[in-house]
There are 2 protein chains.
Amino acid sequence: MAKDKRTAFFISDGTGLTVEAIGHSLLAQFRQEHVEQVTLPYIDSTEKVGLVMQRIEHSARESGLQPIVISSIVADEIRAQLHRSSALMLDVFESYLTPLASLFGTDPAQSVNVSHGIANDSRYSERIEAVHFAMDNDDGRRVREFDRADVILVGVSRSGKTPTCLYLALQFGLRAANYPITEEDMDSTALPKILRPYRHKLFGLTIDPERLMSIRQERRANSRYASREQCEFEVRQVEQMLRRSQVPYLNATQLSVEELATRLMSQAGIERRVD
Amino acid sequence: MAKDKRTAFFISDGTGLTVEAIGHSLLAQFRQEHVEQVTLPYIDSTEKVGLVMQRIEHSARESGLQPIVISSIVADEIRAQLHRSSALMLDVFESYLTPLASLFGTDPAQSVNVSHGIANDSRYSERIEAVHFAMDNDDGRRVREFDRADVILVGVSRSGKTPTCLYLALQFGLRAANYPITEEDMDSTALPKILRPYRHKLFGLTIDPERLMSIRQERRANSRYASREQCEFEVRQVEQMLRRSQVPYLNATQLSVEELATRLMSQAGIERRVD
């Protein structure tokens, strides 16, 4: 906890992932590079919240700046305790439970949501099945169960296909295969034969040659694979191939894995398999 | 949009993942099984929000029940338009931008956050590197780069190691390997030789035999692998092995992949590599 540095605490009785995501996008609106960000998950007892309070007050004293707390805690008692801190409190649950309670005409359950657990059989199985499918069908390496795929990502090596497939599997339970377009596929701008029966399932990822170069340099510095000529050639060929076969595609250069996954679903009209 | 069914819309100008997660955890507090949940990402123009408004009003008319909107939209104009709908509006941005603006003494930027894009070189590279590490080091199959690992998950087959490793990589940039404890490792309750030099990096996943049976049944029905005896034996042996070697572990039965990942980090004191 640096001096003269404000701290934003993202506090949750669960994983903290949601409140952290809210925090990041809120703070990004203020270009506050000097805000230290701390995620504190599983704050689910008065003892734990007590320690958190000490950290908040310590940061306030050290920096001389009011800390920010963005929190989502279900239990009234723990939430009330946290609200006695000197931080600016942005409490996601508090803000929204009251209006929802009056809409539904019932009180909130005040229990931490565990509905996404492994115990939730079918949802879990579907995701895990999809993760194994993505791994088995990565890079056309081990198997090519294109018949069973919900989507088949194509693009040059290192255009982001693998992480996007895994994200589609983990988050949405989708069976995503991928096939790298390599130099031997580039003699013509027609689709590789093996992909032709699945044209309606294909989705392309492309990338700016400059960015591709830098990703490949990190992997194999000064190789032909990472050269400007090679990257420019491959990207140009693959884009021509995708356009010629009318395969929809996205440019991955400016997009995160989450954005790639959700944008391609919305562009290709692919529905999630799990909520 | 079914009759007599209320709809909750999760609306965002980005991926929608955050606002959907908030929505799920809020609605879970009310056990409202009959609320239809619809995520609408990339609502970033007045045209798109116009179509969304029509959907909201359609749902209100069809069901006779006031829809719920949970939204995070940065641009004032689009947000204001959405607020004219007849839904119960829970607007994450609106609630929190004003207090933050007065704390910082600056106006919000009103631009959609793209800081997690591929363009953000080092963060992206670290995540992708970690994803490839997890895939290469899955199931001790291809390589065993345990020296480079941040954590090595151990457990019986189908205890959740693979998805947890991939999640650790995608979300936190952590290099997570995994090693399945198989029958040949179970002659003794000592750690397999290959793992001994890395004891401080090990983390165990265990699972209730009943649940393991049902997961394995889906994969290989009526096999010895999926039998009650075998599942009970393997789980018992592995738990003894973990306790004997003082390897920390979690029971995966009731936990989601996100919970497994974040809990093991917090239990083992592993820090994320990317924000």
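Just so you know, glycine gets a Cβ as well, placed from its N, Cα and C.
TrEMBL lists A:G155, A:V156, A:S157, A:R158, A:S159, A:G160, A:K161, A:T162 with the feature ADP binding site.
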Sparsest Cβ surroundings (other CB atoms within 10 Å) among the binding-site residues A:G155, A:S157, A:S159, A:G160: A:S157
Set of same-chain residues at least 6 away whose C-beta sits under 8 angstroms from A:T162 (ADP binding site): A:D138, A:D139, A:N178
Within reach of chain B, those binding-site residues of A:G155, A:V156, A:G160, A:T162, CB-CB under 8 Å: A:G160, A:T162
Densest Cβ neighbourhood among A:R158, A:K161 (binding-site residues), 10 Å radius: A:K161
ADP site, defined by A:G155, A:V156, A:S157, A:R158, A:S159, A:G160, A:K161, A:T162: further same-chain residues with Cβ within 8 Å of the Cβ centre: A:N178, A:P180, A:L205, A:I207, A:A252
A:K161 (ADP binding site): secondary structure state under DSSP, collapsed to three categories: helix
